[in-house]
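**Q** First the structure, then my questions, so here it is.
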Amino acid sequence: MGAQGDQKLTRSQYAKEPISVHSKMVTYVSMTALITLCPAFVMFLWHTMVNLDGSTTKYLELYKVEGIDGVLKTWPMPTMNALKIILSFAAFEAFLQLYIPGEVHVGPVSPAGNRPVYKNNGFSCYIITLVSYYGLYKSGYFNPAVVYDHLGEIYFTLVVGSFFVCILLYIKGHVAPSSSDCGSSGNVLVDFYWGMELYPRIGQNFDIKVFTNCRFGMMSWAVLVVTYAIKQIELYGKLSDSMTVSATLMLVYITKFFWWEAGYWNSMDIAHDRAGFYIVWGCLVWVPSVYTSPALYLVNHPVELGMPLAAAITAAGLLCIWINYDADLQRQTFRKTDGKAKVWGKVPNKIVATYVTEKGEKKQSLLLVSGWWAMARHFHYLPEISAAFFWTVPALFSHPLPYFYVVFLTILLVDRAERDDKRCQTKYKKFWDEYKRTVPCKIIPHIF
């Protein structure tokens, strides 16, 4: 579905660099480093997890003995089989996104005054995907272990293919933008990394960011977790309790995501970050490779935790996921009811913030300062990071690499909190100052 509002493609208002919390030099160096180093890290992570027992020491020994040529030899080249697997999955998810029924959901007003319209069918697509995948496995038509066996080829094919997708989106932003929420900063690196368009679409109904972020990135996370569990059963004849705990917590979290998907469309990823390397390549490659890495490690390391420890980790992880969900639900309900819904049984405290759009229109927003949101301005990040720790800790502590995702997620969300604070400061001005005085902590109550 398309966007409501002014569709005149006037780019001047949107042609500026995204808000950053760093200096321009640091920002440019960071962008260059991420574009060049992330693809190599994906292949390093896969090879180390699958072939070197997750040991970075063994990888360094390989480099010392064989040099960069030896490292490059560990990278499987893109193959037609890998491409077929990727395209089959992508086509299936695109079909579901387009044709599975769903309620209409209208997104927030964009910087150019448009309101994107979506079809809210993510949860149905998620259930259909998992049931279909497991059905193919049980029927003997397709063995998911094949995906694991060709994972290196799949990842490298994704690395290369997703670069081309980002290039096409960059070109599209210049020659055929989907709405007036588009523009160039005048810097090729910035435009490629952050993107040209906020809401790129193919036609009126196929939203590209919903596909890359939700239907490919998040959906592939779930599918790969199931794949790793099946591969462990194939290797050892049973599922270890460590894999059971890790996979269960991940799948519960992903289920929560798709149940709440319409809320995600109001988040920074969709409503503020444009479709460039940062979001698109990240969701097409980084999510399926890095986010799944704790379970990938467990395939060949079936740790037995014992019932008491497994139950304790599961309970702690489920609690964190529930708190994360409840925090998001509080804010969603608050917004939908225009601040009238009770929070924890009480009338919520709020700040009525007014702001002026780029078109000069005066608007109003309500800032919630009750419930979880009285504890910290970005409180929901704390249980999200904690949940990631609990689905990683079944790997125990033989090697640090399985914990890379937890470290990365922490850095990502702290940076996102900083960027969101700066964006809100620019938007709400004195009202955001009042909000910060009322809720002084960013993420961790009384600490940070």
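Cβ from N, Cα, C; glycine included.
Pasting the relevant annotations from TrEMBL:
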| type | residues | note |
| --- | --- | --- |
| TRANSMEM | 25-46 | transmembrane segment |
| TRANSMEM | 82-102 | transmembrane segment |
| TRANSMEM | 123-142 | transmembrane segment |
| TRANSMEM | 154-171 | transmembrane segment |
| TRANSMEM | 210-230 | transmembrane segment |
| TRANSMEM | 242-263 | transmembrane segment |
| TRANSMEM | 275-299 | transmembrane segment |
| TRANSMEM | 305-325 | transmembrane segment |
| TRANSMEM | 365-382 | transmembrane segment |
| TRANSMEM | 388-414 | transmembrane segment |
**Q** Determine which residues of the chain contact the transmembrane segment (82-102) at the Cβ level, with the cut-off under 8 Å and only residues 6 or more beyond its ends counted.
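**A** Same-chain contacts beyond the ends: 119-122, 124-125, 128-129, 132, 146-147, 150, 153-154, 156-158, 161, 205-206, 210-211, 215-216, 219-220, 223.
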**Q** Take the C-beta pairs under 8 A between the transmembrane segment (388-414) and each of 242-263, 275-299, 305-325. Which stretch has the highest count?
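**A** The stretch with the most contacts is 275-299.
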**Q** Is the number of Cβ-Cβ pairs under 8 Å between the transmembrane segment (123-142) and the transmembrane segment (365-382) three or more, considering only pairs separated by 6 or more positions?
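**A** In this chain the transmembrane segment (123-142) does not contact the transmembrane segment (365-382) - fewer than 3 Cβ pairs sit under 8 Å.
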**Q** Does the transmembrane segment (275-299) make contact with the transmembrane segment (242-263) through 3 or more Cβ pairs under 8 Å, each pair 6 or more apart in sequence?
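**A** The transmembrane segment (242-263) and the transmembrane segment (275-299): touching, yes.
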**Q** I need to check the long-range neighbours of the transmembrane segment (242-263): which residues 6 or more away from its ends have a CB within less than 8 Å of a CB in the stretch?
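**A** Contacts of the transmembrane segment (242-263) (Cβ under 8 Å, skipping residues fewer than 6 from its ends): 105, 118, 120, 122-123, 125-126, 214, 218, 221-222, 225-226, 228-229, 232, 292, 294-295, 298-299, 301-305, 310, 313-314, 317-318, 321, 324-325, 328-329, 332, 387, 390-392, 394-396.
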**Q** Near the transmembrane segment (305-325), which same-chain residues lie under 8 Å Cβ to Cβ, leaving out any that are not at least 6 residues past its ends?
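**A** Same-chain contacts beyond the ends: 241-242, 244-245, 248-249, 252-253, 256, 260, 372, 380, 383-384, 386-387, 390-391, 393-394.
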